[in-house]
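Peer 1: Let me give you the structure first, and then I'll get to my questions.
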2 protein chains.
Amino acid sequence: MKAISIGLLGLGTVGSGVVKIIENHQDKLMHQIGCPVQVKKVLVQNIHKEREVAVNQSLLTTSAEEIIDDPDIDIIIEVMGGLEGTKELLLKALKQKKHVVTANKDLMAVHGSELLTTASLNSCDLFYEASVAGGIPILRSLVDGLASDRITKMMGIVNGTTNYILTKMSKQGSAYDDVLAEAQRLGYAESDPTADVDGLDAARKMAILSTLGFSMKIDLDDVKVKGIRSVSEDDLQYGKQLGYTMKLIGIAQREGEKVEVSVQPTLLADAHPLAAVNDEYNAVYVYGEAVGETMFYGPGAGSLPTATAIVSDLVGVMKNMRLGVNGKSAISPQYEKKLKQPEEIYSKYFLRIHVKDEVGVFANITSVFAEHGVSFEKILQLPLKEAEEAEIVLVTHRSSLEDFEQILNKLRDLSAINEIKSSYRVEGGGR
Amino acid sequence: MKAISIGLLGLGTVGSGVVKIIENHQDKLMHQIGCPVQVKKVLVQNIHKEREVAVNQSLLTTSAEEIIDDPDIDIIIEVMGGLEGTKELLLKALKQKKHVVTANKDLMAVHGSELLTTASLNSCDLFYEASVAGGIPILRSLVDGLASDRITKMMGIVNGTTNYILTKMSKQGSAYDDVLAEAQRLGYAESDPTADVDGLDAARKMAILSTLGFSMKIDLDDVKVKGIRSVSEDDLQYGKQLGYTMKLIGIAQREGEKVEVSVQPTLLADAHPLAAVNDEYNAVYVYGEAVGETMFYGPGAGSLPTATAIVSDLVGVMKNMRLGVNGKSAISPQYEKKLKQPEEIYSKYFLRIHVKDEVGVFANITSVFAEHGVSFEKILQLPLKEAEEAEIVLVTHRSSLEDFEQILNKLRDLSAINEIKSSYRVEGGGR
């Protein structure tokens, strides 16, 4: 029986994992698909580099064209990263009727719909489970498992680096900079951590998730992003005192026909299932009208989890090939994009301010909130070391983002307020 | 375009949910499948009973044959429960080339392989996602998402009633009987709670899960079962003090070619992701060699979650029908069943005993453990109100089940020991 041939673009840790899994699971794959599968060519930058995984050197090439143009290769697995060049390569592959499996979240967040359309036009599969939360089969669950439900909310801890940092800050009471340095030493954070700590990586994943979950083309630019650089130990400790855990949360929410998608440090009620997701783990919480609350938890990165997701996609492609039904599973967005405006985005907020310790200050503050019809759920007031200053920590009831921003502006103008130290969205724990 | 016709067996809360979802999601279903879908006939016990959901009375019938023999009906959805009679009905349906979707865990745990074989021989789909943890797409994830991994451990909180009871006992410090009565009043427990509290319901689900996850035909009788009736508040409180949460856990574990499957009240280290799964929620924790730790969380029961799982399966069947590929997804068990013997089943154990408060007692106890090479991880000793008695709480390091049972027998014979109050398996938190 003719083997299915794979062209692998990239042989880093993930690519090596893919090679290993395919080799170690030949029997199981054969059992599932009914024919053998082989890696036929591998694109690398340097053929003679020493590698952890033993790959027959005759398979290696430095020419992408040699792989894309090989008529025997049925499926391209892309694990080399990159944006424009990689897009062109994959478009070419799809036009040559090669199926594509990719782990490239940057690419899918930015060019996903163009690639998916091209795949569909060419009756090719384009699968990308590994692009979001490597070890969690979340895309598959959204497409299949919750197919008959209407998803109204997704919340994701979809970046392992920031979750690791926030967990350590919370448990050890350490400062952001110290924990980041430790994370870099241990390999949990890149030497340039920008994409992680500024929330961009999470935003890409939320764009992919919300596009799929809401069947609406959400672009990366539609995702409002705030990172964790300015999160302080004080915020974490006050949060804890009030029953919250700080997480970098991607929120995608739908009400009626309108959606909001954001990534921001968020104080989660301790009882929320996401609040217990610690260290470098990822999780995606999905609320469906019929199913209610569900959550998918697992490793968000790592070469083997990501490689596992890729091979699962690969199995999907190969099953479709054997059945002759490729290119039918991509669902094009069904709804027109309608984004919520700031006056339509509601949530509770945590606010920490330093005020002059004098009579009437609190009345001034509450009257600003009252003007906007926003009341408080929790209040902490504490004297500070500086004799004339006090610290006030508030959690509001639900407010529109517009109201809350106007409140912040008015508070900044109050002479009794020395500084607005921080503010965060609050999720969970009732209205 | 010809509609796909469904015969529904049963119109209780789940059946009504299925009817509702199909009606409310006609557009979405049409978009996914490319043709309309209709419920053509519904089997009920009483045609004239008043019902929550508005179903055209002309669809109702009290004759199962009228549905099974209807050549226009393509798919049977079985939500009426029952064992032998239901099996015969579904076998007949499959032989008449009707696909089957069922939520019947009793049936699948006992007759699953016979039904699946018949389905496969008749090129029919038989899907049963709703039979395990209604709102969690766990079977799909095992089959597809983790297809290329080797699953070595599954741990499930797969019974909502017992999780509700244990959560309340733990949080309120209430007694088992009181919480059970409350759960019955609130509808979280049946008036006859036997199948839930004695672990049988969980055992059925573990038989289904382990058969699929290990690709090995695990029968219900292979699952060792212990329920929660004898769990006391004291056990929960001591557990808490030592850093554990009590859960009714189904464990399916594989080492080499051998497996063990059990359901028992278990003390879980607080840091384990399952320890945070509270109230009536279910979760399945899966450890795969490549992917590492993953967990799927959601409602385990409830009419809408279960109905959602059924409709997802229905979408799967209908997609396969449109593609002409039914009956190919059932994977027959690949490995011969090999069960671990008690000397091969290792875990940590919690033990609570009442002893005479006299010199040398503790030395007697430790020497019994030492004879079997079992040492302690944690020890608590407390005086009791009865002047001459003390309570000892131990957590052992790993021991074989055989050793531990022999130790228990020897302890029972020690004159210094008044009573062995309780013992539990301990999971998580290192070796």
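Placed from the backbone N, Cα and C atoms, the Cβ positions cover glycine too.
OK, TrEMBL features for this one:
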- B:LEU9, B:GLY10, B:LEU11, B:GLY12, B:THR13, B:VAL14, B:GLY15, B:SER16: NADP(+) binding site (BINDING)
- B:LYS105: NADPH binding site (BINDING)
- B:GLU190: L-homoserine binding site (BINDING)
- B:LYS205: active site, proton donor (ACT_SITE)
- B:350-425: domain 'ACT' (DOMAIN)
Peer 1: Other residues with Cβ within 8 Å of the Cβ centroid of B:LEU9, B:GLY10, B:LEU11, B:GLY12, B:THR13, B:VAL14, B:GLY15, B:SER16 at the NADP(+) site?
Peer 2: B:LEU8, B:GLY17, B:VAL18, B:VAL79, B:MET80
Peer 1: In angstrom units, rounded to an integer, how far apart are the Cα atoms of B:LYS105 (NADPH binding site) and B:LYS205 (active site, proton donor)?
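Peer 2: Each residue's Cα considered, B:LYS105 (NADPH binding site) and B:LYS205 (active site, proton donor) end up 7 Å apart.
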Peer 1: DSSP says what for the domain 'ACT' (B:350-425): how many helix, strand, coil residues?
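Peer 2: Here the numbers are 24 helix, 34 strand, 18 coil.
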Peer 1: Which of these binding-site residues has the least crowded Cβ, counting other Cβ atoms within 10 Å: B:GLY10, B:GLY12, B:GLY15?
Peer 2: B:GLY12
Peer 1: Please report the three-state DSSP label of B:LEU9 (NADP(+) binding site).
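Peer 2: Its secondary structure by DSSP: strand.
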Peer 1: Count the other Cβ atoms sitting within 10 Å of the Cβ of B:THR13 (NADP(+) binding site), across every protein chain shown.
Peer 2: 15
Peer 1: In angstrom units, rounded to an integer, how far apart are the Cα atoms of B:THR13 (NADP(+) binding site) and the residue listed as 'L-homoserine binding site'?
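Peer 2: Counting only the Cα atoms, the answer is 15 Å.
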Peer 1: In angstrom units, rounded to an integer, how far apart are the Cα atoms of B:LYS205 (active site, proton donor) and B:SER16 (NADP(+) binding site)?
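Peer 2: Cα of B:LYS205 (active site, proton donor) to Cα of B:SER16 (NADP(+) binding site) measures 23 Å after rounding.
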Peer 1: Can you give the mean pLDDT for the domain 'ACT' (B:350-425), rounded to a whole number?
Peer 2: 92
Peer 1: Check B:GLU190 (L-homoserine binding site) against DSSP and tell me helix, strand or coil, would you?
Peer 2: coil
Peer 1: Can you see whether DSSP assigns B:LYS205 (active site, proton donor) to helix, strand or coil?
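Peer 2: Looking at the DSSP assignment, B:LYS205 (active site, proton donor) belongs to a helix.
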Peer 1: Just to verify: the residue among B:LEU11, B:SER16 with the fewest other Cβ atoms within 10 Å, which of the binding-site residues is it?
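Peer 2: Lowest Cβ count within 10 Å among the binding-site residues (B:LEU11, B:SER16) is B:SER16.
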Peer 1: Taking the Cβ of B:VAL14 (NADP(+) binding site) as the reference point, list residues of the same chain whose Cβ is under 8 angstroms away and which are at least six residues distant in sequence.
Peer 2: B:VAL79, B:ALA103, B:ALA130, B:SER303, B:THR306, B:ALA307, B:ILE310
Peer 1: Compare the C-alpha of the residue listed as 'L-homoserine binding site' with the C-alpha of each of the binding-site residues B:LEU9, B:GLY10, B:LEU11, B:GLY12, B:GLY15, and give the closest one.
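Peer 2: Checking each of B:LEU9, B:GLY10, B:LEU11, B:GLY12, B:GLY15 against the residue listed as 'L-homoserine binding site', the shortest Cα distance is to B:GLY12.
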Peer 1: Restricting to the chain of B:LEU9 (NADP(+) binding site) and a gap of 6 or more, list residues whose Cβ falls under 8 Å of its Cβ, or answer none.
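Peer 2: Set apart from B:LEU9 (NADP(+) binding site) by at least 6 residues yet with Cβ under 8 Å, we have B:GLY15, B:LEU43, B:ALA64, B:ILE67, B:ILE76, B:ILE77, B:GLU78, B:VAL79, B:MET80, B:THR86, B:LEU89.
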